[in-house]
Amino acid sequence: MSDTKVKVAVRVRPMNRRELELNTKCVVEMEGNQTVLHPPPSNTKQGERKPPKVFAFDYCFWSMDESNTTKYAGQEVVFKCLGEGILEKAFQGYNACIFAYGQTGSGKSFSMMGHAEQLGLIPRLCCALFKRISLEQNESQTFKVEVSYMEIYNEKVRDLLDPKGSRQSLKVREHKVLGPYVDGLSQLAVTSFEDIESLMSEGNKSRTVAATNMNEESSRSHAVFNIIITQTLYDLQSGNSGEKVSKVSLVDLAGSERVSKTGAAGERLKEGSNINKSLTTLGLVISSLADQAAGKGKSKFVPYRDSVLTWLLKDNLGGNSQTSMIATISPAADNYEETLSTLRYADRAKRIVNHAVVNEDPNAKVIRELREEVEKLREQLSQAEAMKAPELKEKLEESEKLIKELTVTWEEKLRKTEEIAQERQRQLESMGISLEMSGIKVGDDKCYLVNLNADPALNELLVYYLKDHTRVGADTSQDIQLFGIGIQPQHCEIDIASDGDVTLTPKENARSCVNGTLVCSTTQLWHGDRILWGNNHFFRINLPKRKRRDWLKDFEKETGPPEHDLDAASEASSEPDYNYEFAQMEVIMKTLNSNDPVQNVVQVLEKQYLEEKRSALEEQRLMYERELEQLRQQLSPDRQPQSSGPDRLAYSSQTAQQKVTQWAEERDELFRQSLAKLREQLVKANTLVREANFLAEEMSKLTDYQVTLQIPAANLSANRKRGAIVSEPAIQVRRKGKSTQVWTIEKLENKLIDMRDLYQEWKEKVPEAKRLYGKRGDPFYEAQENHNLIGVANVFLECLFCDVKLQYAVPIISQQGEVAGRLHVEVMRVTGAVPERVVEDDSSENSSESGSLEVVDSSGEIIHRVKKLTCRVKIKEATGLPLNLSNFVFCQYTFWDQCESTVAAPVVDPEVPSPQSKDAQYTVTFSHCKDYVVNVTEEFLEFISDGALAIEVWGHRCAGNGSSIWEVDSLHAKTRTLHDRWNEVTRRIEMWISILELNELGEYAAVELHQAKDVNTGGIFQLRQGHSRRVQVTVKPVQHSGTLPLMVEAILSVSIGCVTARSTKLQRGLDSYQRDDEDGDDMDSYQEEDLNCVRERWSDALIKRREYLDEQIKKVSNKTEKTEDDVEREAQLVEQWVGLTEERNAVLVPAPGSGIPGAPADWIPPPGMETHIPVLFLDLNADDLSANEQLVGPHASGVNSILPKEHGSQFFYLPIIKHSDDEVSATASWDSSVHDSVHLNRVTPQNERIYLIVKTTVQLSHPAAMELVLRKRIAANIYNKQSFTQSLKRRISLKNIFYSCGVTYEIVSNIPKATEEIEDRETLALLAARSENEGTSDGETYIEKYTRGVLQVENILSLERLRQAVTVKEALSTKARHIRRSLSTPNVHNVSSSRPDLSGFDEDDKGWPENQLDMSDYSSSYQDVACYGTLPRDSPRRNKEGCTSETPHALTVSPFKAFSPQPPKFFKPLMPVKEEHKKRIALEARPLLSQESMPPPQAHNPGCIVPSGSNGSSMPVEHNSKREKKIDSEEEENELEAINRKLISSQPYVPVEFADFSVYNASLENREWFSSKVDLSNSRVLEKEVSRSPTTSSITSGYFSHSASNATLSDMVVPSSDSSDQLAIQTKDADSTEHSTPSLVHDFRPSSNKELTEVEKGLVKDKIIVVPLKENSALAKGSPSSQSIPEKNSKSLCRTGSCSELDACPSKISQPARGFCPREVTVEHTTNILEDHSFTEFMGVSEGKDFDGLTDSSAGELSSRRSLPNKTGGKTVSDGLHHPSQLHSKLENDQVIIPEAAFWVLCCQ
């Protein structure tokens, strides 16, 4: 026994012509016995290139370049290395085997067979065999050679040497003596090499005929050529003889490329196909034997019997045989995967160990054993004769047959071989086939047909000579007999005229194509014409005497491919351009009624791809330019690291450019490969469909097959490779009365095999009971269909960066690019944390695998280590599924690095029946919840940042859900209703407005909103006459109101105007919506500007669709002969037309609650909310929701959506003094006197309503960076005072009190895309696959429309990412958490985490952080900055030289924006205004005025000294540690001081329309008092002025608000210019002469030259200064009277009329005091206050103290007994000022009672 391993040789073929033309790179290299496979460049990325793979084999044959003689291995070298060794072993008596393995086209047949000039391994071995026999044969040694030739196709064995063998399959049996064998296989005796050559040639012809008749691809069949060598040894002396029998098996395996595709073989086997079962099993056998040889599984089962091939090769694989394997590979880079698979296959095969023994004298032993077995069987049979055992009888017949074969003499074998050969020749002659050795070597004067076949071994093998009159058909009487699909008994006739002309005349209903064109009449043939008969019989005609005419040659050279050489075609019979592929492609192109439909597809895709690529690269370039510009501006020279600032910029830009270039190259290569694949698939699909339709039609199966297009499931995932074509052909299967099925190309391939077998049995009229495939079901249509992919839902995992749960209804995107329902999922982080960046341990050798991960904060310190992260995935339910696929719906997904897919099964309730309505949408409930523990690596972080969890949703068709007619739409449930369409492009937002007034506690409180039936604005605001007011505006989205990713980022401006008075009796009220009052006048306040625009766009789209449908219906109706497809198409068009009419009605009269914009409201709004919902139309691009222009300023959305009575009205911009941190809300100061409207200055009459319009401009960050103008009409009632009765009633009333009114806006981004599509996606895919070139009304073909639509899947995924990111951000804002950055991306903004940085922000960073910090936290540094206002949109930014500055204006941003936390990487698209779209949109803002008059900053210095105490000593200002952050260093302090100086010295921009207003310079208030040298006995340290982060803006309303007191112009009496100047001068002089102290006079600007009247002057002089005191004031704490305010100070304060309150604390209390603005109150005002507080306890009454007698001492004593808690919350308090005209009353008595609710100090002269 000889134990030897299988010898394995690898041979690499030369590049073929296609690879040379494509300049494909060679990836295979051979050195000695090593083969090196390099990864192709297109499959690798820079920095992660795969290492080359090295394999070692017994032999490596380099056959790439014949010119390299030292390395080149030709056919002779291959034979010497493999053939000679095999032959030697055969002569020694061992069994031997050579099998060739490799993909189709890798050179297997060439290596095994070769051709005439270069013979292959088999001919050389046979030739050497007979040469050696002739040398060694003598008297004592004789040789006998027998051959058999069989083919294994689809697990069936056919005898290629038996004329009848090609029509019937043979059975494989296994005998305990002989082992596996083929029952009935011809074993013919040969005596010479010529006999073998002849038999192989005739066997190949039989193989070709059979394959052509059945349209089988020979590359999928295995050919086994067996040579049995029998040596008989005679001992001349003793007369004994012995035999050695060896069998040499030469196996040409099928193409292996299909096995290399992962999962493909398994899928096909599941579908019941046997195409590659033999190869798959062969791989398993080789693996099992290799494991056995390696000692891994000694008892491992080897599945020999799983396929016919491995069963027959059992001895050759791991048994009694010397085996060699030759693996053929391609050197091209585009065959890398197939080559790698082949090399791995061969690498495992070389480990197999065989146990070969010499088969010496087997015959005698075998015959003896067989005879003993026969006797034994006869005995058993006789004993069991009564039982009539059929098994024993069959076994007996089998053994007797074997004995008979073994005892046949050599002479009888030769005679039998001769008989079979003659019968085979007669059969070929009857079919018209030439019996020449080589079919192409015929006489020059003969006309003949030569076959074309995809297999080079079978191509041009059959030659049919033409007579003068040749008949072609399936009947036995025809000259050329053809069998197969589409061949009629009498198919056509070919006639040769006397002058040499050859013509072809087809018969009726007989398909004949010449050069790809279907011919129906007599057609002249020329030399080289390609002829197709039936479905798959391709021939080329050779007419040596009839060359093409010169003019025809020239014409073809001009129009045809340039490489066609017709002269060569006429002289050489094997013209490469006229091969099988050329002829097949030619037929497909012509049959599809198009010059080149596939080329159309390719051209459209290429065109769109190039446009996308160009725009993407341009956008990339602009983005890098913007980033570089930002870096230059933000990293100013004094702040850059001195080491490598510019170098880093240059390096990063260079690296970025390299990445962009590499990305473009990879994408181009991927796109090119995808185009080639799509072309191949389309050709293949059309070929298969044509054959399937032939078979179905001939067998009357009433089934129709059509090629359609669909998106591959892999491309519906957001993780797919960009650049690949997102479309593939699919097969739509339709049968009358049944539902439509969609098959893949592979599935149809598998079904076709069964169809052919069934067709063959049907043709041979095999009885139904014996039909093999009748038991396996109908291959034409699946009665029990497998599951179908409904769609893929992509869940983006950015929520794992934040500790927030993502609850979202993810759209399920179908393979037509439509939403086929929604999957409700939850994704959350259970445990663990996401690090900002992954830090690798340098000490570890393999840190990336060690799992040592650290969470690093922004300062670089390690917080804690984390290794694991637990994620939870929940699938709740699927809604809106198409009914026809809603039977047993399940989900399947793979999370991150999980090896196996997770399946989520539905919750099945047997009591709930399935809906049977055709248009119903189905809901499936799941209870799936699973936790995943993953290692947090850089790859995982990149995955959750950029990738998605792709959940596939599968379903089965509902039983009985069929239709009685052909259907496309009728079974396709309409899941996209109008509500669904509009829901994706709409979102509602609410705008709430409340008005605040000063209350008795000095706080701004919301005024009441009274409901009234005649007012539909939400209510009437009750405003006190003459009070200071504020307007608070809040904008927030409405949850579950649509899926448009809308996010309001900030309120930019608030303006108010359009004051209108309406009588409740005579006129109808003004509202913010449409009213259908029958008794009103024609006045209508509802704006329909945007709604009309929406309806107009919608109507235009419907009109286009209607015109298209009319045209199509007319076209189909005018056809005289309508096919079934035409009838179906007409019914479908009419159905669409009816649906279009319904949609048209929905445009004009939408049903209430239908979700269509403009639909009547059918809801009960909350109190204060308007009932009807106005529409705002953004008019964005439907593909990516981008704006065509910058929607800012005068171009902002909603600017022109004016309300009635608004046009021409005057609006006043209100200075915004505060933004909310928790929501999008802004508070603006409102002085109603600027309107100069009598309706706002007087008390409103009983039957009158005052209406105003509040106009708010908000900044949207999503769906696009833009500005949006919102309007709300409000109603107001001005009253003077509440009576005691009214006050009492209000306090004891149980009614709910409302304080705000609102309006809900419906924001529409664009018209739904589905509305604009002329055909539904499924029909469009069919029309595109048919390649109908007729254009639509817009000039686009169907294929262009379909590909354009399919390529937008990427846009769908991008929008979905945006929607989910908005959902995450809304969830975060609900939790009121800061969004932190979770990835280590460069953060040039956050240069320092310990100080504010104003220099690093652009113009668009207008100070709208997501969560603003309180200004008071840093008031020590910013208290002298009066306010951080915002600049107007069009204000110029100028530097010191006067030119426009590129750096952002200092006042445009809150100084603490640098402290707002940076968002994670995935939130970049969420902040287009702040991050991505800088320098594009200017936020609207208002400036500070008269800043040049502001004094230098003083109070910001912690060391600032103010007068304190009675002794005149100074003490430093101490700041409250709870409300501020201390400055860490002098450097920061100096920097902030410089910033303050810059802020104060900036020149503001004054809008022209506000230039005439008076200016109140609040910056002077409380400034000069700080430096006063007056000895104030009760004074204490003044508290800092700035206590919040207000954004007080400009003088736009005619006045200026102070930052600390929040007082406005209305807080003081504003005299006219002359008098005020005189008054100011007088008071200044008086103060300076008495105390030499700067007064508190405000610097008024003269508004006019009008002087005060005497009455007004008197009023000013008689006004009363009342100062509210705080809880911790001196009076409240009971300070001794000795520390009271000197009377001279009181006089001074009274004269100036501009005093600030003094909040004096005991010196032991370190809490800083707080300054207050003066409040001037008339007697009337005081009386109102007293009436409002009727329930309080009055002080001083019981003690009999009067107002005049209230001294300083008593006042202090009084305050010590009756003190009030401070309810201002540490904030400054101010109140409104009465109009000067109201100051007409004087004190009527000297005694005024002071209520407990507010203590007052009367300061008068």
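Including glycine, each Cβ sits where the backbone N, Cα and C put it.
Around the Cβ of S109 (ATP binding site), a 10 Å sphere holds 23 further Cβ atoms from the protein chains shown. Marked as ATP binding site by Swiss-Prot: G102, Q103, T104, G105, S106, G107, K108, S109.
According to Swiss-Prot, the feature coiled coil maps to 359-436 (among others), an assignment based on sequence analysis.
Taken from Swiss-Prot, the feature coiled coil covers 602-775 (among others).
As annotated by Swiss-Prot, coiled coil applies to 1100-1138 (among others).
The annotation coiled coil is assigned in Swiss-Prot to 1518-1547 (among others).
The compositional bias 'Basic and acidic residues' feature in Swiss-Prot is assigned to 556-567 (among others).
Residues annotated as compositional bias 'Polar residues' in Swiss-Prot: 1385-1396 (among others).
If you look up Swiss-Prot, you'll see 1519-1528 (among others) marked as compositional bias 'Basic and acidic residues'.
According to Swiss-Prot, the compositional bias 'Low complexity' annotation covers 1612-1621.
The compositional bias 'Polar residues' annotation in Swiss-Prot covers 1751-1771 (among others).
Predicted-model confidence for the domain 'Kinesin motor' (5-352) is 82, expressed as mean pLDDT. Residues or ranges marked as domain 'Kinesin motor' in Swiss-Prot (evidence: sequence analysis): 5-352.
Positions annotated as domain 'FHA' by Swiss-Prot: 469-519.
What Swiss-Prot lists as phosphoserine is S636 (among others).
The annotation phosphoserine is assigned in Swiss-Prot to S1287 (among others). According to its DSSP assignment, S1287 (phosphoserine) is helical.
Residues or ranges marked as phosphoserine in Swiss-Prot: S1454 (among others).
The phosphoserine annotation in Swiss-Prot covers S1490 (among others).
According to DSSP, S109 (ATP binding site) is assigned to a helical segment. Between the recorded positions Q103, T104, S106, S1287, the minimum number of other C-beta atoms within 10 Å of a residue's C-beta occurs at S1287. Secondary structure by DSSP for the domain 'FHA' (469-519): 0 helix, 22 strand, 29 coil. All protein chains included, G105 (ATP binding site) registers 18 other Cβ atoms within 10 Å of its own Cβ. Cβ neighbour count for G102 (ATP binding site) (all protein chains, 10 Å cutoff from its Cβ): 28.
Q103 (ATP binding site) and S1287 (phosphoserine) have their C-alpha atoms 96 Å apart, to the nearest angstrom. When each of the binding-site residues G107, K108 is scored by how many other Cβ atoms sit within 10 Å of its Cβ, G107 comes out lowest. The secondary structure of Q103 (ATP binding site), as reduced to three states from DSSP, is coil rather than helix or strand. S109 (ATP binding site) sits 107 Å from S1287 (phosphoserine), taking the C-alpha atoms as the reference points. Sequence-ordered, the extra residues of this chain that approach the ATP site, with Cβ no more than 8 Å from the Cβ center of G102, Q103, T104, G105, S106, G107, K108, S109, are R13, G255, T328, S330. Here the Cα atom of K108 (ATP binding site) is found 105 Å from that of S1287 (phosphoserine).
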